Amino acid sequence: MKILRGSPALSAFRITKLLSVCQEQQLPVNDIYAEYVHFAEINASLSDVDSAKLQQLLKYGPSLAEHEPQGTLLLVTPRPGTISPWSSKATDIAHNCGLSQVVRLERGVAYYIQSGEMSDTQWQILSSLLHDRMMETVFTQLEQAEKLFSRQQPVPLKRIDILQAGRSALETANIELGLALASDEIDYLMDAFQKLGRNPTDVELYMFAQANSEHCRHKIFNADWIIDSQAQPKSLFKMIKNTYEQTPDYVLSAYKDNAAVMEGSAVGRFFASAENGSYDYHQEQAHILMKVETHNHPTAISPWPGASTGSGGEIRDEGATGRGAKPKAGLVGFSVSNLRIPGFEQPWEEDFGKPERIVSALDIMMEGPLGGAAFNNEFGRPALLGYFRTYEEKVNSHNGSELRGYHKPIMLAGGIGNIRDEHVKKGEISVGAKLIVLGGPSMNIGLGGGAASSMASGQSDADLDFASVQRDNPEMERRCQEVIDRCWQLGENNPILFIHDVGAGGLSNAMPELVSDGGRGGRFELRKILNDEPGMSPLEVWCNESQERYVLAVAPEQLPLFEEICRRERAPYAIIGEATEERHLLLNDEHFDNQPIDMPLDVLLGKTPKMLRDVTTLKASGESLERRDIDLAEAVKRIMHLPAVAEKTFLITIGDRSVTGMVSRDQMVGPWQIPVADCAVTTASLDSYYGEAMSMGERAPVALLDFAASARMAVGEALTNIASAYIQDLKRIKLSANWMSAAGHPGEDAGLYAAVKAVGEELCPALGLTIPVGKDSMSMKTRWHDQGEEREMTAPLSLVITAFARVEDVRRTVTPELSTDEDNALLLIDLGQGKNTLGGTALAQVYRLLGNKTADVRSAEQLAGFFNAIQQLIAEQKLLAYHDRSDGGLLVTLAEMAFAGHCGIEADISVFDEDILAGLFTEELGAVVQIRASDRGFVESILAEHGLADCVHYLGKAQAGDDFVIFSGNTEVYRQNRSTLRLWWAETTWQMQRLRDNPACADQEHQAKQDNQDPGLNVKLTFDISEDIAAPYILQQVRPKVAVLREQGVNSHVEMAAAFHRAGFEAIDVHMSDLLSGRIGLSQFQTLVACGGFSYGDVLGAGEGWAKSILFNERVRDQFAVFFARPDTLALGVCNGCQMMSNLRELIPGAEHWPRFVRNRSERFEARFSLVEITDSPSLFLQDMVGSRIPIAVSHGEGQVEFRNRQHLEMLESNQLVALRYVNNYGQVTENYPANPNGSVNGITAVTSLDGRATVMMPHPERVSRTVNNSWHPDEWREDGPWMRIFRNARKQLG
């Protein structure tokens, strides 16, 4: 084993934070230094050249400290016996660089601790602060890392002796293995194996427990019900299915696949030909698939991997729909207990305690959103929608006074995708079809996730809880998705017959489900499964929940094609069995020469005992809302700090919102980029205005008083949100229903039934809405002991509705951004029929009250009329702005609209004279619309036509300035500066950013929000945006070839190819594996573009591993050197491609002074819509654009320029090789965050070579080359955005 020192692992501010935590734990630690250490397992000695190559390969990140570290060593490494995602990717890079002697690379962090005298207990506390026990271990000597490369022998299976010991043996196994089997299931298994005449193996029992867990089988939703001694006619699931029976319109697949599918639009889908790699548009139906999952249990235990794998699993569900589909855009949601931010605690936040094994709500929200965002970012899926709610209180609900809150959190992950018409239905599995696992190797992780998540937190063993959390490797999932994409793009020749994702229960659930759904059985070989931990037992190999895996059936004759696709994409796969005629499962283990599984499928998936729920209805007593102590001004301030209301920038800018080049409406609205969008909208393709919309609705606190009203309100809110998109037909909207409940808690079961009935049997059929997909999580309770007393925290019944719809024209989406350009009017459309209830509202929550009467859907007919009226007004282009009434009520609706428009409001609420407080803070359904004053009569007549005449109230108008004033008649009710409200609203996000990210950056961003004179994003163009300078060359019908270059993990190549294609190029898909294998050479191309993403998951530095695989491979290095030297070529590097090409500067003439691109100053992935200025440089891509100031999409974690010395910066500047700089909204070059999202010196974000043929930039022009994909743009822009000029300039240069 070779040991090689690496770069510093923690920045100064991270060390300061760590020292501060040590102080809180009363540890006498004086200083900490941390650096990466690399361990190389080699099977032959390295030559001097190869040693130098390895040293160079592992030189990345900030410069290595010159001094020898001082202090006591604590070395944190991956758990021995595991192989980390970092290891597998770094090893891949080493092999691609020709270092075949390297068996494996691994990395640890060496912490050098300088401290006073510490006890063993204190060292253990410090150790626990430095590592994650699920994934890591701590050594005290570098040499101990040798254990990382130890090889363990496989552990044999166990048999449970029920034939001799009887039922008690099964009961003991149930506890020891954490199976969570019910008594009748134990009876079922006893009977089944006695009939088979043998003892079950531990593998069979574990597989049965996972496949039949509540998590996988949804027993409660399929149960029979007796409520108040009355047998109920339908199960919960049948009531949900009733929505489809009543309104099957536009639904193509429901209830029987990994995601539901509805009818989409006929558009041109853009992808590369399998024959020659040439990209083009393919006219076809792009149907819409939808899915929303939860990952609550793992997120409570370990938030980052819990949320990350939650998103990853949902993405796999989409990709594994039908015979293969394409995930497109995502959403996330979180419900947690109170944050209690240190030093920023709020008046309504009381500490009720929690069990040790789960993390705090604050830690969940510090880590969980980062995990979810990181997976989406690295996979390449924009995260465009979400919700965030906190609740934790002692309230008088259905079961009397008790603690209600989210110690067991909700972590929601969902999204949309597209699928071809011929692939919606899965194929048949033929006898003899090859059964394949696509994706990464097995590891001893995620065991028992299905069973563990089916229990209330606190019921299972703590070690089992930790074992049930998975690890993430999104770059691996991206590779698998590329394989799936290549397959579905083959149309009728798609080799995938059947596909499922591997989720809860691992292969033990996925493979039986695959063969059973295909009408077959299966014969498998355990040792064919890719395995990174050979010491695992058969149970662990078969049942672990290692992520990023799919199971597929492929016909034998199609196998060579499938294997070739996998090899090109470097996606691991294993053929582990074949389908059999007999519906039987046989798993052979050639190592031990036995059969861990040998059972009929009917025993595993047959008619296990059906659940019966015999429950009683309880009425919530509630209490009248005591308002004597509520001061209006104080109420506003409190509500602005409630997380459900407050600004959520800290949850949004961590997530890429522009990848795919098909995002039309993200969360950020207007020139000031305020996160208040009502819904998310994508284009159906890269050349269309058809699209898809998503919105969310949830009203969980209402359920503490009225279960059914809470469910109806969730549907209603999702509708009032999605109404801002142009959908036309209400029946086009399809819903996902995610139900979270503490089943078995007094009153909750009957309440769940009432809520499902209200939605499935009544409201949705009345509206013509269908719920073709959903999920349930029935164990939303946490138990623990505190000083000998048992305590419980029970979540409210929580229904999260996600609405999905086809969009007729994405350009018609209306946002909350107010306009003051003309005389205007603000109208409130009140669907609450003047009830103005306050039970379960934000106002009640911030005063620690509950109330007794809640908002509700007062009339399904009026709600439908509202949607139809808004659609008509959008079609007539009569709405200037739109925002629904939601958390915080009317006052928050108006405030958020004012924030988006950076303007004042003057509103008269005399309609609420009877109860002004209720009028301002009720959360009854409704919306505020801004219209031209001259259109008021017409708009009111349209609303009246749809039965809303009595619901419409004129409020006032938006006006320039900072005054936010509310009157009741002539009496001033409330006055505050809009800028002050904006800062209150932003303080939660500021405090969270300060804790989580670089506090200096958080402070700068908060300070920027205090600038009331900020003009917002603005545009200055020095060229004619409407001129197509490539048109004359396109008319020649000669398309020069551009190599659209990608490495494993790159995710922005399709939108890049589309931009070049539009400019008149023939875009060719070129994978690095094509160059390394010699399938393709660069000599045939005049233009090369290196695309964005996460090559090798950014291990060994962003883009550096990709670059070194070129620099250290002689044949490929020569190809690039020759290409860059040719005077007739152009080269562009964007984002990850920019980072990669900056490390190839020794090959690029005139690029010797280029910088490297390193970690952002915020130390966070930054997704922003940033303003840049095009500077005077030789860049051929930016010709005739000099002096322009244009917003552009930014999405990166490592974009800060780092020069080797000051002279290199000076040479770059003096030679005018800086091509783009970040500027603030005043047009000044800036290093301030967030106008400069990475902290680059002199605002540098693009550089070019001396002759201008090679340009690299961190922002993404390809994602915003169409106007419709800009988060904000001037009204006069038409089809093309200004960044399209880059690609047309390239075409012009080639003549």
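Keep in mind that glycine also has a Cβ here, set from the backbone N, Cα and C atoms.
Model, not experiment: these values are computed from the prediction.
Residues E717, N721, D884 are recorded by Swiss-Prot as Mg(2+) binders, and the candidate that the same record lists for that site, out of D678, D687, D915, is D678. With helix defined as DSSP H, G or I and strand as E or B, the region 'Disordered' (302-327) counts 17 helix, 2 strand, 7 coil. Listed in chain order, the residues near the Mg(2+) site other than D678, E717, N721, D884 are C679, S695, G697, A718, L719, T720, I722, A723, S724, H883, S886, A927, each with its Cβ within 8 Å of the site Cβ centroid.
DSSP assigns H1260 (active site) to a strand. For N721 (Mg(2+) binding site), the nearest of the recorded positions G306, G310, R316, E1262 in terms of C-alpha separation is G310. Around S308 (ATP binding site), the same-chain residues six or more apart in sequence whose CB sits under 8 Å from its CB are G371, G372, A374, F375, D472, P474, listed in sequence order. Its own atom aside, the Cβ of R316 (ATP binding site) has 30 Cβ atoms within 10 angstroms in the protein chains shown. Candidate recorded positions: A677, C1135. Fewest other C-beta atoms within 10 angstroms, A677. Residue density at G310 (ATP binding site): 27 other Cβ atoms are found within 10 A of its Cβ, drawing on all protein chains shown. Here G306 (ATP binding site) is compared against the recorded positions E717, D884, H1260, E1262, and the shortest C-alpha distance is to E717.
Here the C-alpha separation of D678 (Mg(2+) binding site) and E314 (ATP binding site) works out to 23 Å.
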